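Novice: What TrEMBL shows for this protein is this:
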type	residues	note
COMPBIAS	745-756	compositional bias 'Polar residues'
DOMAIN	38-201	domain 'CSC1/OSCA1-like N-terminal transmembrane'
DOMAIN	218-398	domain 'CSC1/OSCA1-like cytosolic'
DOMAIN	410-680	domain 'CSC1/OSCA1-like 7TM region'
REGION	745-781	region 'Disordered'
TRANSMEM	36-55	transmembrane segment
TRANSMEM	134-154	transmembrane segment
TRANSMEM	180-199	transmembrane segment
TRANSMEM	406-430	transmembrane segment
TRANSMEM	450-473	transmembrane segment
TRANSMEM	494-517	transmembrane segment
TRANSMEM	548-576	transmembrane segment
TRANSMEM	597-630	transmembrane segment
TRANSMEM	650-674	transmembrane segment
TRANSMEM	686-709	transmembrane segment
Amino acid sequence: MSFSLGYLLGFNNSSSPNCFNQSTVLTGHDFGGVPLVLLLNFCVFIVLLFLFSVIRKKFWDYGRLALVADNEGFTESSHRCYGRMSSTVSNVEDPDYEMKFCSWLPYTVRMEEEKIKEKCGIDAVHYLSFQRHLIILLVVITITSLGIILPVNMTGKLLSNEPHSFGRTTIGNLSTRNNLLWLHTVFAVLYLFLTVVFLRRHTSKMKCTRRETVRNVLLVCSIPKKATEEDVMTHFKEAYPTCDVCAVTLGYNVARLMNLDKERIRAGKNLRYYERVLSKTGIRELISPRLCGHFCCCSSCQRVDAIEYYSNKEKQLLEEMRQEAEMVPDHSLGIAFVTLKTEAMAKYILKDFNAIQCGSPKCCCGREPQPSSVSQTLKVNKWQVSYAPHHKSVYWENLSVRGFCWFLRFLGINILLFIFLTFLTTPTIIINTMDRFNVTKPIYYLNSPVISQFFPTLLLWSFSALLPTIVYYSTLGEAHWSRSSEQLSMMRKLYFFLLFMVLILPSLGLTSLAWFFRWLFDKKFIIDGKTRFECVFLPDQGAFFVNYVIAAALVGSGMELLRLPGLLLYAIRLMMARSAAERKYVRQHQAYEFEYGAMYGWTLCIFTVIMAYSIICPIIVPFGLLYMLLKHLVDRHNLYFTYLPTRLDHQVHLGAVDQALAAPIICLIWLYFFSVLRAGFRTSTSLFTLVVLCVTVCICLCFTCFGYLKYLSPHNYEVTEEDKDTVEGVEENIKVYLPRVLNTKSPASTTKNPQQPRAYGSTEGSPVHDFSTVKSTTSES
């Protein structure tokens, strides 16, 4: 087949049978199989909801992991109170949301924002506010799409006029000479403006909220490793005499020390467990010290005394910690955390290091910060100064991975991830592989929408649900310094890969990124005619995405409530436990922090699919609204009952807003692509869409570049009256920029506090385990 533009522009976008000659499964059906797929997914959703309610009622700690977890990472009173709630006590006095079978559902709906903020933090409020604004936007788009665009599409006569035909609801039903096509272009531009308005309102509300943290701590990098805290303090006091430096803390390589401390805490908890068993029963328990040893019941398994085993293990770990702690000062990382009295002082120093003054020697001759008597020794001109992340957001064990090593690690992990996903991007490749072996021939003759629409969309959802897990672990391997940068990286990568998997490649009729690159760069591949453009934007293609959004809304929401991957991981950890004490430790640590990056990426992907097809296939919009409503309710429940609070920087939430703006832009790209294929490059609708698209992309690029270069502008460091206020509790925060293993005032999670209720599964009589006791305990032994 010869490839020519005239051939491309000659087809009428009908469901050509040639488009289905490569697969015996993905064939068209009455109304795209949407009614049957909706019914099946709704039935699955009801079953999942019932199953979750049963599990929550019978094993209800699984439904409120965040309320019974041993939450050692947060010190606020509300978090500590919830983290220490006892399951036994709560069974006697059940709260309102545990009284009836599904009483948690109305409780979740009626939950006030202040209660969510108190329990989950301000980041949860921003996240849910973002979803609410998308819901309002989709309500407006649903009204316009169903009230205006859908009737216009149904006035066409290119496709079948039968009531059960899905194609007559799409833009493909209109002739290329129909002036009503201008309506679609105008509404695409209107959707762009509406998205900007609603997201702008969200960001303005987010910026108006009272700041819970004051940015008065600076992170200084590229300090000579032999420099001391006194040297850094001397420089700042001499160079900036008007700024009060409260504390300087150097960073050290504590990765191994933190790992040893984690194992020591675990061994200590297990030891207290068996000591309590001995005091109650007078029996010394025996365990099998191997993986899955708790299930070992054969006579050949070697069993040892539990108290002696964990006591020796704790002493050994304490000795290793003492030796490692002695070597920590020799492993300086060349970074420092500098705590200032006010945020205005921090801004003043940042401006001196980063801002460029036009016309000054600093503009052309490089940075020349204010000097001091130790400037040459400390090589101040090579320093990199920025705001420090919140102390609870720092990954201390990752600070040792920096510079070129970090970049090489980041590049290698993402190249491997890209190669892996290149050949396994779209589930259609599995269906096509099955076709080669004639496995689907019997299914073809059944001609059932259950097979052709329900299972492919369910398969696509399953693969897109697996992708966040892959991206999550790849992001952990990148060794980010803070949770905020980690979540931001996770959100961007997940959105990019999900967009290719769920939207771009299925829309182009390709099976994987490998086929996409061959289609993009291999001229012979195009000339051979293996990819036919008449298969792009088929009516049945729109039905496929409608069915996918239905599956994501109903099955996806139910699965997020059940959290089957987490339940499976929990079961594996229980199976690998060596003893009953370790099983109890696993139960105490089954709650995790809410992954805002993954949730933002997933939500934005579905939102982009909805917006991309809102003009071409308006039927998708009400189901998209259903998805966003269910997603909002599920996230409200999970944030409050399931996940631990997380503290992030505003940049994560602002990054989600930037990515949401890509959705209406992709809608314009899809409309332009469709217009060019149908009517040609020089038609008025194509040219108008192209102009709007180019202007929008240029504006977005300018704002993006301005955002990246914003730190160079002196206006970025303007001081407000709020910045001049003294930070309350500075004395308490002077030494807070230390990992817990080096902070003698920070107790470990085995600390006994008689003033508060014990955690679920905790033991009595646990002594204080902080780093101050490491050396003394070891020396006595």
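One-based numbering along the chain as shown.
For all residues, glycine too, the Cβ spot is worked out from N, Cα and C.
Owing to the predicted nature of the structure, the values given are computational and were not obtained by experimental measurement.
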Novice: Using a Cβ distance cut-off of under 8 Å, indicate which of 36-55, 134-154, 180-199, 548-576, 686-709 has the most pairs with the transmembrane segment (597-630).
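Specialist: Top-ranked stretch among 36-55, 134-154, 180-199, 548-576, 686-709: 134-154.
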Novice: Are there at least 3 C-beta pairs under 8 angstroms linking the transmembrane segment (548-576) and the transmembrane segment (650-674), leaving out pairs fewer than 6 apart in sequence?
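Specialist: No, these stretches are not in contact.
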Novice: Apart from its near flanks, which chain residues at least 6 from the ends of the transmembrane segment (134-154) lie with a Cβ under 8 angstroms of it?
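Specialist: Sequence-distant neighbours of the transmembrane segment (134-154): 168-171, 173-174, 180, 183-184, 187, 190-191, 194-195, 198, 603, 607, 610-611, 614-615, 618-619, 621-622, 624-625, 628-629, 632, 660.
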Novice: Please give the sequence-distant neighbours of the transmembrane segment (180-199): residues at least 6 beyond its ends with Cβ less than 8 Å from one of its Cβ atoms.
Specialist: 133-134, 136-137, 140-141, 144, 148-149, 152, 155, 171, 174, 611, 614-615, 657, 660-661, 663-665, 667-668, 671, 675, 679, 684-685, 688-689, 692, 696
Novice: Hey, which bits of the same chain come close to the transmembrane segment (686-709), Cβ under 8 Å, at least six residues off its ends?
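Specialist: The answer is 185, 188-189, 192, 658, 661, 665, 668-669, 671-672, 675-676, 679-680.
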